[in-house]
Amino acid sequence: MHYAMEQRCLYDYNLSELTELLQSWGEPAFRARQLYRHLYVNLARQVDQMTDLPLALRSRLAEIPFSTLRCEQVQIGDNGMTRKALFRLPDGAVVETVLMVYPDRSTVCVSTQAGCGMGCVFCATGQLGLLRNLSSGEIVAQAIWASQELRAMGMAGPTGRVSNLVFMGMGEPFANYDRWWQAVERLHDPQGFNLGARSMTVSTVGLVKGIERLANERLPINLAISLHAPDDALRSELMPVNRRYPIADLMAATRNYIAKTRRRVSFEYVLLQGKNDHPHQAIALARLLRHSAPRGPLLFHVNLIPWNPVPGTPLGRSEWERVTTFQQILTDYGIPCTVRVERGVEIAAACGQLAGRHSVPLNTVEQEIPARNVTG
């Protein structure tokens with residue numbers, strides 16, 4: 001989809017582009033490195049905080065926004081350890097970002113599109129349809145916001161930023177591949193945000209061409225694939241993308257990815273009561289993965305996800321006994337399997353619940369705090 005915004009923001013520039021911009025203004029290259037450090041290491045909220053830059057340069061930089069994201073609402077759940085931000089974009093589109101804090105780490109769940117065009121029936125974002133792709137700067141700004149929140153909470157740790165990032169928010173990353181990958185490279189850059197590649201995970205509904213591209217990238221970020229069914233008939237019902245990329249094609253791309261990268265692949269499987277959680281479906285899933293695995297150590301992992309309620313859908317959440325039975329069957333077949341720890345359900349921030357709206361009843365929210373923009 002065509003990117004609707006015309007003006008570039010500071011987070012849209014990599015270091016080379018910032019250098020070129022500032023040199024076109026008559027500034028030496030080292031000024032760009034100083035600016036880059038303020039943006040990605042110091043996490044400056046305002047140009048006025050960049051006191052080592054000349055006043056004239058700061059005045060000129062003040063004419064360029066850091067980001068287009070405007071935070072309209074932040075909701076808090078899980079006793080303060082989960083925060084969901086709703087950002088408004090200049091064209092009226094909205095996206096959501098979720099920060100989850102644990103005793104030993106922090107994870108931000110980032111959106112790559114406003115809405116989503118994949119149409120998965122169990123996902124709130126899929127009901128919105130695709131509004132537009134995000135720019136690389138709009139993706140990056142979400143990680144900056146999360147790190148600024150951590151610092152405000154006094155929980156940023158020695159790195160001063162989030163420790164993990166998952167591209168599992170609104171949208172399909174591989175449908176916005178170029179801008180998404182630009183964001184990955186900027187967040188990984190050791191001269192800036194310096195987030196390790198293996199601390200980032202991208203989730204896809206199974207766009208085969210995207211998996212093939214990722215296999216050839218230089219950064220070994222983690223890959224998660226939304227599977228959700230062991231056969232084409234059911235997967236096509238739940239995920240329309242399967243009609244274009246059926247399971248056989250998806251598994252072939254996955255085998256090729258593992259052969260090239262020797263990296264483990266996670267398969268996400270949301271459990272729906274009476275739909276895809278029967279014992280025979282667990283057996284079928286185990287056999288599918290065993291049959292599809294390349295030779296050598298099994299580099300597959302299944303992440304079972306109890307479905308989180310989405311208004312307007314006839315689906316139901318699997319009973320816990322069915323979840324544990326499903327997990328045990330996979331384990332018995334030698335498939336590594338875990339059940340995802342739930343976070344943010346009460347503020348509609350959990351897996352599949354992001355819908356970019358204010359309509360969460362406030363009596364389900366532990367606390368609502370005033371919004372803060374990424375730039376102050």
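Cβ atoms are placed via backbone N, Cα and C, with glycine included.
According to Swiss-Prot, the active site, proton acceptor annotation covers Glu96. Around the Cβ of Glu96 (active site, proton acceptor), a 10 Å sphere holds 26 further Cβ atoms from the protein chains shown.
Residues annotated as domain 'Radical SAM core' in Swiss-Prot: 102-346.
Cβ environment of Cys109 (disulfide bond): Thr97, Val98, Leu99, Met100, Val166, Met168, Gly169 lie under 8 Å away, each six or more residues apart in the same chain. Secondary structure at Cys109 (disulfide bond), taken from DSSP and collapsed to helix, strand or coil, is strand. Swiss-Prot lists Cys109-Cys351 with the feature disulfide bond, giving sequence analysis as the kind of evidence.
The annotation [4Fe-4S] cluster binding site is assigned in Swiss-Prot to Cys116, Cys120, Cys123. In the three-state DSSP assignment, the secondary structure recorded for Cys116 ([4Fe-4S] cluster binding site) is strand. Packing around Cys116 ([4Fe-4S] cluster binding site) is summarised by its Cβ count: 25 other Cβ atoms lie within 10 angstroms of its Cβ, all protein chains included.
For the recorded site, Ser226 (S-adenosyl-L-methionine binding site), the DSSP three-state label reads strand. A 10 Å cutoff on Cβ-Cβ distances gives Ser226 (S-adenosyl-L-methionine binding site) a total of 27 other Cβ atoms nearby, all chains included. What Swiss-Prot lists as S-adenosyl-L-methionine binding site is Gly171, Glu172, Ser203, Ser226, Leu227, His228, Asn308, and the listing cites sequence analysis.
Feature annotation from Swiss-Prot assigns active site, S-methylcysteine intermediate to Cys351.
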Averaged pLDDT score, the domain 'Radical SAM core' (102-346): 93
Sparsest Cβ surroundings (other CB atoms within 10 Å) among the binding-site residues Cys120, Cys123, Leu227: Cys120
Where Gly171 (S-adenosyl-L-methionine binding site) sits in the secondary structure, as DSSP reduces it to three classes: coil
Cβ-Cβ distance under 8 Å to Glu172 (S-adenosyl-L-methionine binding site), same chain, at least six residues away: Thr112, Gln113, Cys116, Gly117, Met118, Thr204, Val205, Leu207
